[in-house]
Amino acid sequence: MEGLENMAFVCMIASLMTYFSGYMNFSLTKSATTLTNFVGTSFLVALFGGFICDTYWTRFKTCVLFGCVEFLGYALLTVQAHFHQLRPIPCKDVSSDQCEAADGSQSAILFTGLYLIAFGTSGIKAALPSLGADQFDENDPKEAIQLSSFFNWFLLSLTVGAIIGVTVIVWLSANLGWDLGFGVCAIAVFFAIIFVGMGKSLYRNNVPKGSPLARIAQVFVAAIRNRDLPIPERAEELHEIHDKEAGVKQEILPRTGQFRFLDRAAIANTTDCASTSINHGPWRLCTVTQVEETKILLRMLPVILSTVFMNTCLAQLQTFSVQQSTTMDTNVFGFKVPGPSLPVIPLLFMFVMIPIYERFFVPLARKITGIPTGIRHLQRVGIGLVLSVISMAVSGVVETWRKSVAIEHNMVDSTEPLPMSFLWLGFQFAIFGAADMFTLVGLLEFFYAESSAGMKSLGTAISWCSVAFGYFLSSVVVQVVNKVTGGWLASDNLNRDKLNYFYWLLAGISTVNFGVYLTCASWYRYKDRGAMKQIENGGEDDAKVKVQMVEI
């Protein structure tokens with residue numbers, strides 16, 4: 001399912017800039033802003049999908065239902081692309097004074113289709129990685145290793161789908177019509193739903209444990225209500241539930257030292273009434289596990305926020321770098337490569353690197369560190385952030401050279417391709433592909449592994465929010481830079497813009513961001529799996545409690 005769904009989605013990301021500017025007659029800036037807002041929404045709404053998974057539906061049901069919504073979005077865009085009455089007259093067919101952008105009804109159809117896709121893919125992004133990871137028991141040492149491998153192969157599936165999307169489907173859209181391109185995307189999502197449905201009888205399905213947002217809110221409310229109570233030094237003095245129905249698994253998290261003010265939520269205030277603590281409501285008394293679940297989320301937030309800017313840089317490669325390619329020679333061995341297919345370069349690099357990373361680097365690192373993943377999740381993310389800085393610096397160098405070629409050949413205002421191969425852009429894309437390989441999977445696995453059992457999907461969705469905020473921030477950064485600099489990116493002519501300065505600015509900010517990330521990662525404390533308990537069969541004494549001694 002991931003391969004097929006991402007094949008359609010990445011094709012959209014890669015080609016919509018051309019569709020917006022060439023077929024909906026949007027300006028370059030509006031096209032870039034519309035694309036980044038669409039992608040940002042697609043990842044941000046994953047929070048809703050994660051909430052649904054953990055609260056009401058199984059992850060399998062979420063994948064199927066949200067997949068149907070995404071299918072409807074592609075179908076609507078296919079209809080609009082097929083009937084010219086639903087689109088504005090292309091500017092290339094009329095004089096410049098008659099060129100008009102899409103009107104209200106045409107834009108309404110476009111944005112309805114786009115945001116049906118955004119809503120559908122967001123649910124899949126929240127549920128599908130967790131559905132796959134649920135098939136492994138992270139408390140079993142052997143399955144913990146398999147779980148780590150799953151996320152790498154998940155990324156490989158995502159990559160293979162994306163490669164087909166930015167080559168085959170983008171080529172179909174550019175040469176045989178956008179209606180065919182969108183139609184193939186719709187068919188791909190349809191079969192993605194069929195294929196994931198074929199495994200229904202085989203899956204380990206999660207049991208929704210109620211709203212994680214409500215549990216978090218209860219902790220804060222209870223802590224505020226108990227703000228005048230002294231915090232006990234011994235964990236045994238705090239409220240916890242150890243008796244459950246037979247056969248029901250319940251994760252028990254040990255008390256930690258960070259955010260001690262939240263521990264007050266687990267203090268039974270016996271001065272209010274003579275009854276036992278069992279009569280206290282959840283908004284007055286929470287369990288230690290519930291408090292620790294909230295602490296985990298608070299510890300994660302600085303980490304995710306410090307990775308946002310990397311995705312702001314990624315957005316530039318998928319907008320301005322694609323526009324760079326349209327000014328360059330795109331012929332390769334006599335074949336004209338569509339500009340939107342440029343992202344295939346980092347994808348091919350990832351396609352080669354992921355198996356090497358999984359089969360050679362991880363086993364070697366595992367022998368040295370004793371960690372199933374080879375290196376810690378946050379170490380993996382940090383490597384990706386360093387590579388993103390290098391990618392932005394290289395982007396500035398290549399753009400400086402591209403502009404010098406335009407000046408040297410007196411082609412600053414020419415619409416003809418420069419005598420410079422677009423493959424030179426491959427350096428910045430390849431480096432960023434390696435950065436994405438480290439960071440994306442590092443974050444997915446980090447949030448799944450560190451989240452409590454009752455908020456795995458929400459944790460996965462939060463990891464995608466880094467991409468969402470990065471794309472939204474991209475729109476803001478472009479506008480602010482234009483305003484402060486007097487128009488580095490204000491022209492529709494890249495040969496007159498200062499895109500190289502913009503890339504170097506991003507490299508500098510990314511360096512500062514990496515310093516912030518190091519501080520956040522050093523402060524973070526991993527979940528103590530050695531002390532974590534799971535109640536498998538409720539009983540009358542502590543002998544019924546199984547302690548999972550898994551040192552990771």
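Every residue gets a Cβ built from N, Cα and C, even glycine.
Curation plays no part in TrEMBL annotations; they are all automatic predictions.
Here is what TrEMBL records for this protein:
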{"type": "TRANSMEM", "residues": "6-26", "note": "transmembrane segment"}
{"type": "TRANSMEM", "residues": "38-58", "note": "transmembrane segment"}
{"type": "TRANSMEM", "residues": "64-83", "note": "transmembrane segment"}
{"type": "TRANSMEM", "residues": "150-174", "note": "transmembrane segment"}
{"type": "TRANSMEM", "residues": "180-199", "note": "transmembrane segment"}
{"type": "TRANSMEM", "residues": "296-317", "note": "transmembrane segment"}
{"type": "TRANSMEM", "residues": "337-357", "note": "transmembrane segment"}
{"type": "TRANSMEM", "residues": "378-401", "note": "transmembrane segment"}
{"type": "TRANSMEM", "residues": "421-449", "note": "transmembrane segment"}
{"type": "TRANSMEM", "residues": "461-481", "note": "transmembrane segment"}
{"type": "TRANSMEM", "residues": "501-524", "note": "transmembrane segment"}
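The stretch in closest packing with the transmembrane segment (64-83), judged by the count of Cβ pairs under 8 Å and taken from 6-26, 150-174, 180-199, 296-317, 501-524, is 180-199. Looking at 180-199, 296-317, 501-524, the range that has the most CB pairs within less than 8 A of the transmembrane segment (421-449) turns out to be 296-317. Ranking 38-58, 150-174, 378-401 by CB pairs under 8 A with the transmembrane segment (180-199) puts 150-174 at the top. The stretch with the most CB contacts under 8 Å to the transmembrane segment (378-401), chosen from 6-26, 38-58, 150-174, 296-317, 337-357, is 296-317.
Contact counts against the transmembrane segment (461-481), taken as Cβ pairs under 8 Å, peak for 38-58 among the stretches 6-26, 38-58, 150-174, 337-357, 501-524. Long-range contacts of the transmembrane segment (6-26) within the same chain, counting only residues at least 6 positions beyond its ends with a Cβ under 8 Å from a Cβ of the stretch, are 32, 34-35, 38-39, 42, 70, 74, 81, 87-88, 90-92, 99-102, 106-107, 110, 117, 121, 157-158, 161-162, 164-166, 169-170, 173-174, 178, 181, 184-186, 188-189, 318-319, 322-323, 338-343. Taking pairs at least six residues apart, the transmembrane segment (150-174) and the transmembrane segment (38-58) share fewer than three Cβ pairs below 8 Å and do not count as touching.
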